[in-house]
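S.K.: The domain 'Response regulatory' annotation in TrEMBL covers 3-118. The 4-aspartylphosphate annotation in TrEMBL covers Asp55. According to TrEMBL, the feature domain 'HTH araC/xylS-type' maps to 141-238.
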Amino acid sequence: MYKLLIADDEYEFRNGLTRFIPWNQFGFEAVRQAKDGQEVLDIVHSDEIDVILCDIKMPLLSGIDVARELRHSPVKIVFLSGYREFEYAQQALVFGVKNYILKPPKLQELEDVFKTLKEELDHKQVLANEKEALPVETLISKIKRYIEQNYRDATLERAAKFVHLNHHYLSKYFKQKTGENFSDYVIRVKMEKAKEFLADPNSKTYEISEMVGYSCAKNFTRTFRKYAGKSPREYRNLE
């Protein structure tokens, strides 16, 4: 979950946003609140915050002042305003604030804005992971290595947790980079392992089925036939 700070000088409004918007469904957690711009900066400098949902007009420092101070920060800002003002919109763009929501915000608009932000943050995280990865191990090779070492119970969700990514994003990223669906790659690894196990004449089909993560031998046989063009028994006899 990405960390969200909600800033507004009206307590009831910001508390309502914190409590009644299903932020977790958008991939966010509303972890802090602030009543003015100075408090926003204090929190950002002391806590880990990914996004600020910030009223433009606040005491001490305005939303524009906050954006100016944080213009070189990785923290993303979404402005809230009771009315649309072209001057504010222009200033927001200068400081890299692309999203401007009118009060009272509609749930669908919040969902659209924050899902887009989440995709941007996910992409940024992927790039950071790739940059930090060793030259011999890209993010994709790290995922593949995880699958090959955990093929029996490998799932998209577990792989995503392993590389600290959202599983929906990982699914798209894996397909984009490899040209193969994540689930298809897992099946391929399982079936290649099954071929290795079939080389042992003492291993029974149902045992191999369990060894590669299939609780039902019939499902394993069906999948193997689809992959190899032969049943496990036929494959073993040919070998």
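Just so it is clear, glycine is given a Cβ too, placed from its N, Cα and C backbone atoms.
A TrEMBL annotation is a machine prediction, not a hand-curated record.
Show me how these features fit into the shown structure, please.
M.R.: Residues within less than 8 Å, Cβ to Cβ, of Asp55 (4-aspartylphosphate) and separated from it by at least 6 positions along the same chain comprise Ala7, Asp8, Asp9, Glu10, Gly63, Phe79, Leu80, Ser81, Lys103.
Across the domain 'HTH araC/xylS-type' (141-238), the prediction's mean pLDDT works out to 91.
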